[in-house]
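Single-structure report; data block below.
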Amino acid sequence: MMFRDQVGVLAGWFKGWNECEQTVALLSLLKRVSQTQARFLQLCLEHSLADCAELHVLEREANSPGIINQWQQESKDKVISLLLTHLPLLKPGNLDAKVEYMKLLPKILAHSIEHNQHIEESRQLLSYALIHPATSLEDRSALAMWLNHLEDRTSTSFGGQNRGRSDSVDYGQTHYYHQRQNSDDKLNGWQNSRDSGICINASNWQDKSMGCENGHVPLYSSSSVPTTINTIGTSTSTILSGQAHHSPLKRSVSLTPPMNVPNQPLGHGWMSHEDLRARGPQCLPSDHAPLSPQSSVASSGSGGSEHLEDQTTARNTFQEEGSGMKDVPAWLKSLRLHKYAALFSQMTYEEMMALTECQLEAQNVTKGARHKIVISIQKLKERQNLLKSLERDIIEGGSLRIPLQELHQMILTPIKAYSSPSTTPEARRREPQAPRQPSLMGPESQSPDCKDGAAATGATATPSAGASGGLQPHQLSSCDGELAVAPLPEGDLPGQFTRVMGKVCTQLLVSRPDEENISSYLQLIDKCLIHEAFTETQKKRLLSWKQQVQKLFRSFPRKTLLDISGYRQQRNRGFGQSNSLPTAGSVGGGMGRRNPRQYQIPSRNVPSARLGLLGTSGFVSSNQRNTTATPTIMKQGRQNLWFANPGGSNSMPSRTHSSVQRTRSLPVHTSPQNMLMFQQPEFQLPVTEPDINNRLESLCLSMTEHALGDGVDRTSTI
């Protein structure tokens with residue numbers, strides 16, 4: 001995974017957290033940077049906030065003891081909101097203001113525990129206070145006691161949830177205690193005594209609450225956040241474990257489905273304080289309608305509810321090898337439907353593809369979500385037809401930007417490995433013998449008025465159920481034997497995808513080089529190589545294409561191309577951006593069909609020995625090249641890169657230097673008989689024939705396709 005992709009994943013997690021979680025995570029990451037990095041970040045932040053007048057006003061209020069003292073006359077809801085916005089702005093060393101905060105915090109926490117309100121907001125306040133450099137060791141020790149009170153109160157209120165939550169708190173504290181022993185020397189030395197106070201305090205108050213309610217420390221950790229955030233070298237690990245519960249209304253942060261892990265992080269992104277005040281009693285979990293957005297396990301992202309405890313033995317197809325469901329959580333998240341991940345986690349791929357609105361209605365899915373899910377599944381069913389359409393567009397010379405963008409989007413959708421129909425009867429005979437959890441979409445879960453429609457849908461979905469045989473990595477799909485000829489069976493999405501990738505490779509090899517398309521294509525192949533739906537044979541073929549495109553890219557005469565004014569005018573972006581995907585502007589600009597005459601063939605694609613097959617009359621002599629390769633003629637349509645540098649080292653290759661080595665899949669025809677065979681009248685055109693380059697491209701295209709379809713075990717091409 002490239003750095004750009006890693007940053008994107010991290011940004012996705014970050015957006016799913018609330019402001020407090022974001023602050024804790026950033027603080028834990030900053031502990032790992034050097035002094036120079038920390039100072040640079042400080043300068044950047046100070047520069048960006050210099051003109052923020054509103055922040056300056058809040059900061060003055062946050063450090064004014066008189067203003068803070070007046071908050072005691074306000075309602076508890078308003079005080080909580082004020083504390084959340086002002087406490088982080090308290091300056092270290094302002095003892096008077098800190099004393100006022102320490103007077104308010106116990107009152108707010110006591111009110112929250114007594115009335116079982118604002119539990120989440122109270123946890124956030126505790127988080128800020130426990131990691132704030134302005135609070136002393138004694139302050140943190142006193143505040144840490146409230147965390148246990150919050151836990152006890154919530155455990156009593158929520159009944160069966162106390163086991164998982166108390167375990168998770170103990171786990172976070174114990175894990176932090178041991179982690180701290182080895183992390184003091186890894187903080188790069190720029191933390192001061194204020195920060196070290198956090199760590200000392202955390203160790204002290206952890207000892208007071210080290211006893212586990214169940215008599216042991218659980219051995220699992222959060223599955224929704226990166227490991228580094230749960231094993232940080234500061235007290236933020238404890239804060240995360242303390243915050244990680246009682247939030248059944250928040251969205252799931254993780255791209256993976258909720259698991260039986262009580263130590264899950266909060267998931268509500270960019271909460272406003274109005275939202276914090278408005279939530280109140282709604283945070284209580286519901287025993288009904290588990291799929292509604294207000295109470296679903298998936299939407300909360302929390303593993304501490306009784307729903308997950310009841311499903312400890314339930315199947316989770318997201319984790320089953322060859323199920324085709326591993327990408328469903330990410331797919332649902334892209335559709336903003338990830339709150340229903342728990343529903344899909346107990347379906348097979350075939351059951352998901354056969355879903356109807358009636359079945360979803362029986363599971364209490366809202367009307368808008370039902371409609372969106374059904375439409376999205378219908379789009380999944382149309383993927384193979386879309387691939388066929390893309391294949392035709394590529395063959396006809398269409399722009400590669402749009403197909404590559406479509407392929408990038410498609411590879412992120414759920415794709416299951418194709419199983420031939422011959423294995424389906426055996427799989428079906430074995431299926432009743434295997435123990436299986438009842439499906440959520442079974443007849444018993446459907447409403448009476450929907451059973452007939454579901455039965456009809458199931459009948460129509462029977463052919464697609466042939467893929468239930470599981471992943472067969474060594475099975476050969478039809479496209480591997482005859483890439484460009486044999487039709488693929490219905491449902492062979494990986495095979496169809498591979499075929500389109502072959503067509504794209506052909507176009508990249510024979511068309512004018514486009515670094516953006518090449519980079520996008522290589523990234524796409526990397527995703528295919530780690531995808532479970534593709535067979536080993538398909539992956540070998542994809543790897544071969546990747547190597548060829550990489551070789552083509554490495555042999556790219558960059559200096560020569562950068563010296564061509566016409567090429568620079570057509571490409572507004574320079575080289576060195578090979579890791580970038582097509583941008584919105586570039587994709588929008590390439591919507592029209594590509595004119596083959598505008599994309600000439602560079603010298604590396606066809607060696608000079610093969611060019612000789614066309615006869616000397618089809619090309620310009622060296623003297624003619626010297627007189628015709630002028631910018632004016634290039635702008636008039638003769639922009640063939642062969643004529644870009646007359647007389648130079650990158651000019652049209654001679655017979656003594658071939659830019660492409662000979663391979664066994666495409667022999668070089670140098671005998672007189674073969675030369676006569678290729679010297680047909682249609683190729684013996686005058687030099688002034690305007691479509692000579694178009695004919696050359698067609699010839700190279702056919703030669704490359706012949707090489708790509710060389711055979712089952714012969715993965716080499718030109």
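Placed from the backbone N, Cα and C atoms, the Cβ positions cover glycine too.
Fair warning: this is a prediction, and the values are worked out from it, not measured in the lab.
If you look up Swiss-Prot, you'll see SER168 (among others) marked as phosphoserine, on the strength of a large-scale study or a structure entry.
Sequence annotations record features per position, and here Swiss-Prot assigns region 'Disordered' to 278-323 (among others).
Residues or ranges marked as domain 'SAM' by Swiss-Prot: 323-391.
According to Swiss-Prot, the feature region 'Disordered' maps to 416-474 (among others).
Marked as phosphoserine by Swiss-Prot on the basis of a large-scale study or a structure entry: SER420 (among others).
If you look up Swiss-Prot, you'll see THR424 marked as phosphothreonine.
Swiss-Prot lists 453-466 with the feature compositional bias 'Low complexity'.
The feature region 'Disordered' is assigned by Swiss-Prot to 572-601 (among others).
Positions annotated as omega-N-methylarginine by Swiss-Prot, on the basis of similarity to another entry: ARG573.
The phosphoserine annotation in Swiss-Prot covers SER580 (among others).
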Item checked: Cβ-Cβ neighbours of SER420 (phosphoserine) (radius 10 Å) -> 17
Check: For SER420 (phosphoserine), what is the secondary structure by DSSP, using just helix, strand and coil?
Finding: coil
Margin query: Restricting to the domain 'SAM' (323-391), what is the model's mean pLDDT?
Written below: 90
